[in-house]
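Features of the protein shown, as given by TrEMBL:
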- A:12-35: transmembrane segment (TRANSMEM)
- A:42-61: transmembrane segment (TRANSMEM)
- A:67-87: transmembrane segment (TRANSMEM)
- A:150-167: transmembrane segment (TRANSMEM)
- A:199-221: transmembrane segment (TRANSMEM)
- A:233-261: transmembrane segment (TRANSMEM)
- A:273-293: transmembrane segment (TRANSMEM)
């Protein structure tokens, strides 16, 4: 019973982590169609922002040390977003419609960012001490549900709700959707499509930054951090159906659940293989993912 | 923007690239690991490739070949630092054979074919007398055919899975019988009989666990669980559930690299401390503790041949010099010490041989002794591993180890575990 409850929670938790790392990619890859291999490094940037803030707080505001994490989330969003903006303006926008070139160029950026991190922060992992108020866990029926995982779950929900409100209820969000669905039409209506591109890319990168800040709670913080998450992020977006937020959510939770179930029944390596196999089979059946965007413009 | 058709194509393209990227998670490229045949053979009639460096010039060139970029840079850069420190020390007292040592540093880039290529370049083009390099077994295996073919000399400074002894490689890290085997014996003696084996999914942990299982079967322990996770795995919630369920006395941890950070952070979050489930690790040294966070590791054990806290006069001097050169924040640890030993052993052997020629140096290395920071070491004349003291330490809140047991003296290296009857069926 305890194991079942714990594994159920773990499934949800793994799903929420996947969701968080894939949300940003749902913008850059899902909406814009840019195969952004540097997505992982945006996650890394967010993680390092958290590290730097932790250092700064320890030094200048030792009294409010635990609060650094709350500042880190928006700060990571801003820094990673700015990095993304820079990347879009300088590089990606020249390569729209050339997926192969984008892929190679962003991969190059990814390698450069990794080496930059290595130069600035050193090759070894850095230590991010999680805020004390996130230590420990909630005891439910004998199982311990770590606060950190609950926090990430809540953060993921918050991000999804925030994004869907932004995309459906605000003028900016509607402009993004308009441009992604029909660029010429949106341009005819007076939308500055190039600016919307930049904004969308920055938004996606910023979300990756938030994911990076949150993941310092669970995982390593080092130059290679991004590489651990990039494959999963692409899997989630592709499985969910490119261009679909709902698809991303369902896919993340689905992969999380299957991952945990397979891993419990076999081992971590085999579990991963089984999940990949399941995804491949599924994509044979539904090549455009769980939720295919159907508009005339796309057929 | 892109049409639906293109989107789909992008998706499959991305998937293909990702599979490729996933397949070479260790930072390898898809190139075959083969080395090109030597373009320039060593001078005719001269069987020793290392000869040239001994001739002309005021310096003796040595190669340093570690990953300074890529995933392994996390560990290997500090080995380069230790080797440069040792070279500096030797040069300060006049060098070897009256000549200064000149280090040629190359980057293996966490890419195994690159290690082979750079090793060949160092020996043939730079004519180095010796190479200090490598960390992963894969990088050593890549360099091995090169140094054997060109009759070079490689000092490999990291504990590894054993079952190898090349006449062109000197192993200054621990063989399994100087790390894993004594640790298992000690744990059994402490009454910890139920083992849970957790490792990264590649050759070292699988070989190590094979050894552990054979030893447990012979000495009366049981394995209650065995799990392997891919390198770079970051979610340990399910593994932790399994550990909880299996209720082991000890988790024998052969995870490598960043996975350790995720595992220990999440273990602590799950409310499991070292008092509940003790872990003993073979890949977590002082350097790694800094990345994991000492508070996540307090009370857990690790087995090595050296700790920064090891109490010898040589070590006091070593730690002080290391910190003076690289900053007070830096720590020393077992592989760093082994890299430092390597350079000094080689220099001593060269002095003894009166030459940098590989064959003569190899002869001089036999039974060569050195007072290392971690205690006296001696090169085994047969397998070119070194005898070392085995130490088990407990992680303290300041990120240092407190030694709780040591072997009392150097343990002879036995890379093929020939002196253990239970290890007969392992090869």
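Residue numbers in this text run from 1 along the chain shown.
The backbone N, Cα and C atoms fix where each Cβ goes, and this holds for glycine too.
For the transmembrane segment (A:199-221), the residues of the chain that approach it from at least six positions outside its boundaries are 17, 20-21, 23-28, 31-32, 34, 36, 39-40, 42-51, 69, 72-73, 75-85, 87-88, 92, 125-128, 130, 134, 148-149, 151-152, 155, 159, 163, 172, 176, 179-180, 228-229, judged by C-beta separation under 8 angstroms. Counting residues 6+ beyond its ends, the transmembrane segment (A:67-87) has Cβ neighbours under 8 Å at 28, 38, 42-43, 45-47, 49-50, 53-54, 56-58, 61, 106, 109, 113, 130-131, 134, 155, 198, 201-210, 212-214 in the same chain. Residues 235, 238-244, 246-247, 250-251, 254-255, 258-259, 262, 266 of the same chain lie 6+ residues outside the transmembrane segment (A:273-293) yet bring a C-beta within less than 8 angstroms of a C-beta in it.
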